[in-house]
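Everything below concerns the one structure shown next.
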Amino acid sequence: MDLAFDRQHIWHPYTSTLTPLTCYPVSHSQGVYLYLEDETALVDGMSSWWSAIHGYNHPELNQAAHDQINKMSHVMFGGITHQPAIDVCKKLLAIAPNNLQHVFLADSGSVAVEVSLKMALQYWHAKGESRSKFLTLRHGYHGDTFAAMSVTDPDNSMHNLYKGFLPQHIFAQSPQGGFWQPWDESDIDDFREKIAQHHSQLAAVILEPIVQGAGGMRIYHPEFLRRVRQLCDEYNLLLILDEIATGFGRTGKLFACEHAEVQPDILCLGKALTGGYMTLSATLTTKKVADTVCGGEAGCFMHGPTFMGNPLACAVASASLDIIASGKWKQQVQQIESFFAKELVKFEAFEQVKQVRYLGAIGVIETHHSVNMEIIQALFVELGVWIRPFGRLIYIMPPYISQPEHLNKLLTAIKSALNTPECFNQ
Ligand SMILES: *Cc1c(COP(=O)(O)O)cnc(C)c1O
């Protein structure tokens, strides 16, 4: 591959044109393995950012893609419908919290979040109330487009760069108590104060249930989410849950909100929806929200991307939901969680390690010092794994099909990195 061209001309996520870091040329992938151009096999610890849950080059997903592309890869969704969209929406509604009845399909997670925020704004507008603020949590992540970014952690997403343009929302302290720790009632205090103070201006509360992903890989107590739902009910506010990272079994439940037995008014899904094959997202809502939105001045929900409901993506998503419906994920994720509970927690003994956190098929090591990306990435590749840490977080969310041998390989590599001082900025 022409890596020099890549370095000179192609932007990768959050990278600099001045000091481009090494990019590894991947030529194909199979099961839990990514293969470099020189045939080096890497055990994937990232599931391509939460998405490739069933592993790569999956025969059933491949078949669904082939079958659909031979019929129709795309058609506009305005005034037209098709079987793959009907199939995927039926399957989504069958597994989602049962109060959700309407599905809006879009093309990425960030857009699903934009759609959820617009639904909440239109909902209040239709009720004749002007409400334009959202309440969310520190350390959250909801995407890179502007509205999504405006409810993402202000420091992590550098809101100061967009001053005067980015809308200002309200941020409550993120929960401090971990998933496995005893619930501490004071954890909800700041959220309760903020909602009491601002509720008349709020269009909705938006947050990631149980696991805050890219904003810090924090795994919090289900009681916090239960309290949030209660407070939203008390103040008659909509609750938007962003399950783009946590959805489809990653946390050990099909949806993370099930840990707290709460239902959202609006649910955002993406990432693993197509099993990591292509980009597709969905925003689900209740009949009440949908009908209120559509009863307003606009008479409809004001959104409609060109590639909305792309048949190829829907067909693959539908096949992925069939694999999920087989129920195997539950045991697979449980096995990964047991492995983390036994093996990952041992890493707390390392001097470099501040805290170990895990839930379902998510394992997180928070270190004292930030990683040197170039050095740690090279070491991981040398050791035959693909793990991409950020800041002070080395984390893995492997495909559900990962076996103990693969998990061992990932953990052995992390152990080597923790024992290599050069991997960390002192
Ligand atoms: C990744 C992510 C998004 C954004 O999804 P994209 O497909 O990258 O736009 C939004 N919310 C959460 C919780 C995510 O993890």
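For all residues, glycine too, the Cβ spot is worked out from N, Cα and C.
Note that this is a predicted model, so its numbers are computed, not measured.
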Among ASP44, ASP155, ASP242, which is the one TrEMBL gives for the pyridoxal 5'-phosphate site where GLY109, SER110, PRO305, THR306 also bind? ASP242
Around the C-beta of TRP49 (substrate binding site), how many further C-beta atoms are within 10 angstroms, looking at every protein chain? 16
Looking at the binding-site residues TYR141, LYS271, GLY304, which has the shortest Cα distance to ASP242 (pyridoxal 5'-phosphate binding site)? TYR141
Measure from each Cβ of the binding-site residues GLY109, SER110, ASP242, THR306 to the atoms of ligand 1 and list the residues where some distance is under 6 Å. GLY109, SER110, ASP242
Nearest-integer angstrom distance between the alpha carbons (Cα) of SER110 (pyridoxal 5'-phosphate binding site) and TYR141 (substrate binding site): 10
Roughly how many Å separate the Cα of THR306 (pyridoxal 5'-phosphate binding site) from that of TYR141 (substrate binding site), to the nearest whole number? 25
For ARG388 (substrate binding site) and GLY109 (pyridoxal 5'-phosphate binding site), determine the Cα separation and express it in whole Å. 20
Quick check: in three-state DSSP terms, what is ASP242 (pyridoxal 5'-phosphate binding site)? strand
